[in-house]
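Here is the structure we will look at, set down as C-alpha cells.
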Amino acid sequence: MSIATVAQAKDVRGLNLVAAHSHITGLGLEPNSLTPKENAQGMVGQVKARRAAAVVLQMIKDGKIAGRSVLLAGPPSTGKTAIAMGISQSLGSDVPFTSLAGSEIYSLELSKTEALNQAFRKSIGVRIKETTDIIEGEVVEIQIDRSLSGGHKQGKLTIKTTDMETIYDLGHKMIDSLSNEKVTAGDVISIDKASGRITKLGRSFARARDYDALGADTKFVQCPEGELQQRKEVIHTVSLHEIDVINSRSQGFLALFSGDTGEIRPEVREQINTKVAEWKEEGKAEIVPGVLFIDEVHMLDMECFSFINRALEDDMAPIVIMATNRGQSTTRGTDYKSPHGLPVDLLDRVIIIPTSPYSPDEVKQILQIRANEEEVELSPEALEILTSIGADTSLRYGSNLISVSHMLAQKRKASSVGLEDVKRAYSLFLDTARSVQFLSSSNNYVGEDGTAKLGEREKDAMDTSA
C-alpha cells in the first residue's frame, strides 16, 4: 500500500473572520515550564485548570498517554472550550486534533457509532517514513522542441549544483509539469524520480537582481551543494480515517475532497490496522496518538457512551477531551441522574479538570483582548461598564456587546467606543436575566398548551433606561 501526500500552502488573506476563540494561540505557559502565566497567548486566569491541562499537553507531546479521557467541567462562560483550543494550538499541525460537538453525531446518513468511529480514527495519525531518490539543483536552461505536426513535445533540462552540472532529456509529461509549476531559469527545484513530481523550492541568490519584478511570495535560496541525485527520507503524516477512505472501494480517494465518506466496512478497517501494525514492526511507520475534543458531551446518549468506553480500551485510541457545563443531570437515553450527565462507568475512566467563574479583573482583561482582536478601541469608561455587564450577566454577552457598540460608534462618526454606545447597545439587546423578567411580565407569548392571550396591553413596560 503506497500513500502519497502533497502539502500545499495557499494564501487566505481574503478570509479574515473573528471567531469566539480566534484570539487564543496557546495555553499561555512559561517557557520550558508547565507554569501558566496570568495573561498570555489570549488565556487569562483559570491557573489551576491550565496547569492541569499543561500536564496533559506535555504527556501528549511525549507520547506517554493514549486511550485516556479528560473531562473539563464547569459553569458556562468559564473557558472550557478555550482551554481545549489552547491545547490544540500548542500541539502544532503534526499531531491530529479533531473537534466535535455532542449533537454532530446524530445524522440520517451515518449511524451514531460510525460517526464516532470516524472521529476517533481522524484523531489517530500515522507518521510514515519513505526513502525516495530526488534530483535537486538550480535550473540553468530549459529547451523545448515542439513538432510542427503536433506530435509529442521533447526537450532538455540543464540543472546544476555548486559542484556539477547535468543535462536531462524531457518527455511531454515532464514538460507539462514544468509549465504548470512555471519553472524558469534560475529556479531551484526538486524532482521526485519515482513519481516525477516537481517542487519549486525558490529562486537562486545568483539570479537576484534589483530590477527584477518579483512577487511578495518569492523566496531566495542557496544553490544546492554536492551531488545532483540524492536519497532523502520523506515523512508523511496521515490519519487512519484518510487511509480508510482511500482504501474504501465504494468511495475511493475522491471522497476525501467531497467529504461524503459514508459507512466504511469493518473489514477495511481491520485490514488497515493489520497493515499499519506491520509497518510499525518494520520501522516504516509510527503511531501518533492525537486528540479528540467532544464539546457538550452531555448531548450523547447511552449507546455513544458505551462505544466510547470500548474505544478507549483499544490499542490505537486517541486522547479524548470532553467538556460539559452540567451538574447533576439526566443521562440522555435513561431516566436516572448522574454527575455531569455522564454514566458512572465512564466517569470512573476520566480525570476531571474543574473550571471556576472569572473574577471581575479577569473579565476586564478578556474583554480588552477581545476588543484588540476585533480591532475596536474602547474608552476607559466603556471598558469599565462592559466589565460590570460581563460580571453581572455573562462573559459571552459582554463580549457580544463589543461589536454592537462599535457599530453604533461608527454611526456617530466616533473613533472609539464610548459610554453612551455601550448603554445604547445594552438597551437594544437583552441578556438572559432581563429576557426572563420580560417573559414573566408578558402574557402575549404562546404557552406550552399552544394558547396565548392576544390583544391585551402590557401593564408594565419593559425598562430599557439602564
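Cβ atoms are placed via backbone N, Cα and C, with glycine included.
Quick look at what Swiss-Prot annotates:
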- Gly74, Pro75, Pro76, Ser77, Thr78, Gly79, Lys80, Thr81: ATP binding site (BINDING)
Counting every protein chain shown, other Cβ atoms within 10 Å of the Cβ of Ser77 (ATP binding site) number 21
When you measure from the Cβ of Lys80 (ATP binding site), how many other Cβ atoms are you left with inside 10 Å? 26
Fewest-neighbour residue among binding-site residues, criterion Cβ within 10 Å, set Gly74, Pro75, Pro76, Gly79: Pro76
Within 10 Å of the Cβ of Thr78 (ATP binding site), how many other Cβ atoms can you find? Include all protein chains, please. 21
Around the recorded ATP site, report the further residues of that chain (criterion: Cβ within 8 Å of the mean position of the Cβ atoms of Gly74, Pro75, Pro76, Ser77, Thr78, Gly79, Lys80, Thr81; site residues excluded), sequence-ordered. Asn325, Thr355
Name the secondary structure element type, per DSSP in three states, that contains Gly74 (ATP binding site). coil
Per DSSP (three-state), Lys80 (ATP binding site) is helix
